[in-house]
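Below: one structure, written as structure tokens.
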Amino acid sequence: MEAFRIQGGDRLKGTVSVPGAKNSVLKLMAAALLAEGTTVLRNVPEILDVRIMCELLRRLGCGIDYDPAAGRVAIDVPAEIGHRADYELVRAMRASICVLGPLTTRLGAAHVALPGGDAIGSRGLDMHQAGLEALGATVRLDHGYFIAEAPEGLRGTEVRLEFPSVGATENLLMAATLARGTTVIDNVAREPEIVDLCTMLARMGARIEGIGSSTLSVTGVERLSAVEHRVVGDRIVAGTWAFAAAVTGGDVTVEGVDPAIMTTVLEKLELAGCRISTGEGETFRVEGPERPHAIRVATLPYPGFPTDLQPFVVTLNAVSDGLGMLTENLFEARWRFVRELARLGAQVSIDGRHAVITGVGELSGAPVEASDIRAGAALVIAGIVASGITEVTGVDHIDRGYERFAERLRALGARIERVAYEQRSLEELADLADGGGREGTSS
Ligand code: EPU
């Protein structure tokens, strides 16, 4: 096991570059399945989830050429591909469910294991199921697998999502591209990553209207062609750096993301006392205050405040000069992280969907454990502002979504290293409890 060991007390200063978005690239890789030939993606982040997706596509029969250093992946999709995504991979990464739409529409069958994924709530698949059924597939659950079948192909229809689910929007959108006739999907998610997916699909030959709006109209085509595409910058990683500057009273310039897709986040940071400068193109600067003001945030689908940044809001409020509030409207179990933050001295009380956070003068370093990608990154940032040493275990969660996180933090002035972390066995703990060894010790 590994951990990040952080010596707290530094303000982050400098420039950091942000790669392509995890939550876009994984879906773009799945979209490659829709077309025979070689799809090339650029600005691909060097993260664990991309490797898992490469393996999933490889097992479906695709040839993969992934060059992490160049941020490039080439996916060679043959005429014949498999239709089964194994539990081993889907369990490791919930986003694997996004192959469901492409496989069902291209092959008329998909067997995808039900995901596990992050420990952030129940995250149902009912809208994925209802949407595919409306498109003419039969869907059933069999021995832990989600099985969708449409031997005659899918046909266009009207679907209204109960809630603008990111995953359901993506699966149904991709399924509709090769369906017969027109599919109108109402109340879709409008995240920039979905716009990115629509943009690539349109370049592949898909006929999509309403890109970026709440209603997508997709007219199915016979076939799509493989293209080259640059992945949109990761606004959640960019937001992580922005909050890191705010929490540590630092001064960070973020490159690689258009600040126009982060308006809600940057406005909240201004309320926290940050100075935000946006220039031309994909860059912005965040100058943090001596001590942030407490802020009130409610997470909502885009263009609302992203749920993926809520652990950073809690961290900022924890060191603020007042009483902050966070309402989590998307994932009911995203509070596990709060218990860990409390180990650093944060004062947070939870009532249902609401967290009330009382700012304290200082956090104090302690060992803590990451429960998901964002919680992990937020605990690291809390460690940078805490006094003394903080050790964050569960770094594999952080690796899933953050490219060379410790290296980038060091470049901004943080004292952080990746260390081996020994998990003691029960026998060793018993030994310790006995005073250092069971044999020959007396008290
Ligand atoms: N939901 C249902 N039924 C469905 C679909 C969703 O009840 O059929 C519920 C979920 O249980 C959840 C809510 O709707 O409470 C939101 O789910 P959504 O489908 O929008 O999210 P997702 O596609 O599972 C993606 C991101 C998440 C991000 C959410 C919300 C990927 C791979 N994941 O998940 O990112 O939090 O959208 O923006 O794109 C992360 O990157 O750390 C992460 C968790």
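Backbone N, Cα and C atoms are what each Cβ position is placed from, and that goes for glycine too.
According to TrEMBL, the residue from Asp65, Asp67, Asp126, Asp308 that belongs to the UDP-N-acetyl-alpha-D-glucosamine site alongside Arg94, Leu330 is Asp308. Here UDP-N-acetyl-alpha-D-glucosamine is bound by Arg94, Asp308, Leu330 per the record. The longest Cα to Cα distance in that group is 16 Å. In this structure the alpha carbons, written CA, of Lys22 (phosphoenolpyruvate binding site) and Arg94 (UDP-N-acetyl-alpha-D-glucosamine binding site) are 12 Å apart. Over all protein chains present, the Cβ of Leu330 (UDP-N-acetyl-alpha-D-glucosamine binding site) has 20 other Cβ atoms lying within 10 Å.
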